[in-house]
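Q: What follows is a structure written as structure tokens; I'll ask about it next.
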Amino acid sequence: MVSNPVQTGLKICCIGAGYVGGPTMAMMALKCPEVTVMIVDISVPRIAAWNSDELPIYEPGLDKVVKACRGKNLFFSTEVDQGIRDADIIFVAVNTPTKKVGMGAGRAADLTYWELAARRIASVAETPKVVVEKSTVPIKTAEAISAVLHGAGKTRFDVLSNPEFLAEGTAMTDLDNPDRVLIGGNMNESGNAAVAKLADVYAHWVPRERILTTNVWSSELSKLVANSFLAQRVSSINAVSAICEASGADVDEVARAVGMDSRIGSKFLKASVGFGGSCFQKDILNLVYLCQSMGLADVAEYFHSVVTMNDRQKERFVSRIIHGLFNTVTGKRIALLGFAFKKDTGDTRESASIEICRRLIEERASVCIYDPKVEADQIWMDLTAATKLDKTEVQKYVTLCDSAYEAALGAHALAIATEWDEFKTLDYDKIQEDMVKPSFVFDGRNVLDHGALRELGYIVYAIGKPLDPKLNTSINC
């Protein structure tokens, strides 16, 4: 039984209406109907989308929750200052991308938006607040934010760390039934009271034994370490996939045998073209930079190898496509199925598809992309950034399609880059009729029936599987 201790009249504000702030606050509003939840953002189009029938992000179950609470105790607004003034608890869920320039570029987190949010709070808040880090941030960020607040005379503000542990595609389930809720605060009377106040909100639906409280630094570090461990498992099984291809072993069989060991478990042992998303690479590089700044060069190198292996996996996949198609893809049509970094999301951040496309464009292939959820503007934005070409140049090599069948029309090869369920049920016999012969399938997610495809006449390459004897392997990948 979960207790119901939330104070009537409590007001919560979340700065940032993105992938973290939107779903998290929507679930909080659903579970705590007597709490008023206000999500604020400076982006007028984004807030307009949250107030419309077409939400700005796709997440299974999110639409239903938002519609159940919006206008009752869940509100979306561009009135940032008013939201800050009215709130008892302020969550900050702004973007913290990897720095692109300056000290720590390519590794350290860019805290520009976080600092701006802290200074905004400091400038407009009129009463003491509990400020909560929801964005993934480096260790000691709470200390820096406290310095900003205290420097503005806000000495009675408490800063907590409350990292999110969501997986896109299952975020609403993760929020509804979390493995744990982690809250870090200062170990003093004021800090303990702030931690208790936030814990009481979560206790509305999360059992107390799953609400963990730590000091603020442990909480900040735990988020980075958790994502690093998960990514490490993906890179480990992807490294094994290379061994499997060279030896004739089957990576799925190896993963099943290894995963049945109760000490290891089966999660995150699915070989693929590589991990993506907003967190894994960013958090690992953040941890690498943290280690380097502390003089822990060997530890930094260890964690950085996880990213190196992930990059290598994407390059290995592209190399298989090139070598399989007789060592050249110039002028050849490649149907790329999937652009999101994983199924059940429209998020493309760090998607393997971006690097696959960049390399195929570099090889002057004709790439035809289909994804059921990713918006066209997002694809063009990602590809122009990755290739450093303008949109007109990119369009010489890339076509966006409305279906997998359209993308495959006249194609030399199909490349599965996202594990969308619909790709499992396509009529591959029909598709092959309109493809160039011999027809190739490069399954970067191991979601297709490879035996059935070979019976239809396809030449198939799958991650970590024994190589198709008809596949050109004259050059080692």
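Using the three backbone atoms N, Cα and C, a Cβ is placed for every residue, glycine included.
Any TrEMBL annotation is an automated prediction that lacks curation.
A quick note: this is a predicted structure, and the numbers were derived from the prediction, not measured.
Pulled the feature table from TrEMBL, pasting it below:
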type     : residues                                                     : note
BINDING  : 16-21, Asp41, Arg46, 94-98, 135-136, Glu168, 279-282, Arg349 : NAD(+) binding site
BINDING  : 164-168, 223-227, Arg263, 270-276, 341-342, Arg445           : substrate binding site
ACT_SITE : Cys279                                                       : active site, nucleophile
DOMAIN   : 335-450                                                      : domain 'UDP-glucose/GDP-mannose dehydrogenase C-terminal'
Q: Of Gly16, Thr98, Glu168, which binding-site residues come within 10 Å of Gly274 (substrate binding site), going by C-alpha to C-alpha distance?
A: none
Q: Mean pLDDT over the domain 'UDP-glucose/GDP-mannose dehydrogenase C-terminal' (335-450): what is the value?
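A: Here the mean pLDDT over the domain 'UDP-glucose/GDP-mannose dehydrogenase C-terminal' (335-450) amounts to 97.
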Q: Give me the CA-CA distance between Asn95 (NAD(+) binding site) and Cys279 (active site, nucleophile), in Å, as a whole number.
A: 11
Q: Counting by DSSP, what is the helix, strand and coil composition of the domain 'UDP-glucose/GDP-mannose dehydrogenase C-terminal' (335-450)?
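A: Counting residues per DSSP class in the domain 'UDP-glucose/GDP-mannose dehydrogenase C-terminal' (335-450), I get 43 helix, 19 strand, 54 coil.
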Q: Please tell me which one of the recorded positions listed here (Glu164, Asn227, Ala271, Cys279, Phe341) sits closest to Asp41 (NAD(+) binding site), measuring Cα to Cα?
A: Glu164
Q: Rounded to a whole angstrom, what is the C-alpha distance between Ala271 (substrate binding site) and Thr98 (NAD(+) binding site)?
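A: Cα-Cα, rounded: 26 Å.
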Q: Using a 10 Å cut-off between Cα atoms, which of these recorded positions sit near Asn227 (substrate binding site): Gly16, Tyr19, Glu168, Cys279, Gln281?
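A: If one measures from the Cα of Asn227 (substrate binding site), the recorded positions that come within 10 Å are Cys279, Gln281.
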Q: Can you count the other CB atoms that lie within 10 A of the CB of Asn95 (NAD(+) binding site)?
A: 17
Q: With an 8 Å cut-off on Cβ-Cβ distance and a minimum sequence separation of at least 6, pull the same-chain contacts of Glu168 (NAD(+) binding site), or say none.
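A: The answer is Tyr19, Glu59, Gly277, Phe341, Lys342, Asp344, Thr345, Asp347.
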Q: Using C-alpha atoms, which one of the recorded positions Glu164, Ala167, Leu224, Cys279 comes nearest to Thr98 (NAD(+) binding site)?
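A: In terms of Cα distance, Thr98 (NAD(+) binding site) lies closest to Cys279.
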Q: Taking the Cα atoms as reference points, how far is Glu164 (substrate binding site) from Gly16 (NAD(+) binding site) in Å?
A: 14
Q: For the residue listed as 'active site, nucleophile' and Ala167 (substrate binding site), determine the Cα separation and express it in whole Å.
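A: With the alpha carbons as reference points, the distance is 10 Å.
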Q: Go through Ala167, Leu224, Cys279, the listed recorded positions, and name the one with the sparsest Cβ surroundings, counting other Cβ atoms within 10 Å.
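A: Output over recorded positions Ala167, Leu224, Cys279: least Cβ neighbours within 10 Å is Ala167.
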Q: Measure from the Cβ of Gly16 (NAD(+) binding site) and count the other Cβ atoms within 10 Å, all protein chains considered.
A: 26
Q: Which residues, sitting 6 or more apart from Gln281 (NAD(+) binding site) on the same chain, put a CB under 8 Å from its CB?
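A: Listed in sequence order: Thr98, Ala231, Phe275, Val307, Asn310, Glu350.
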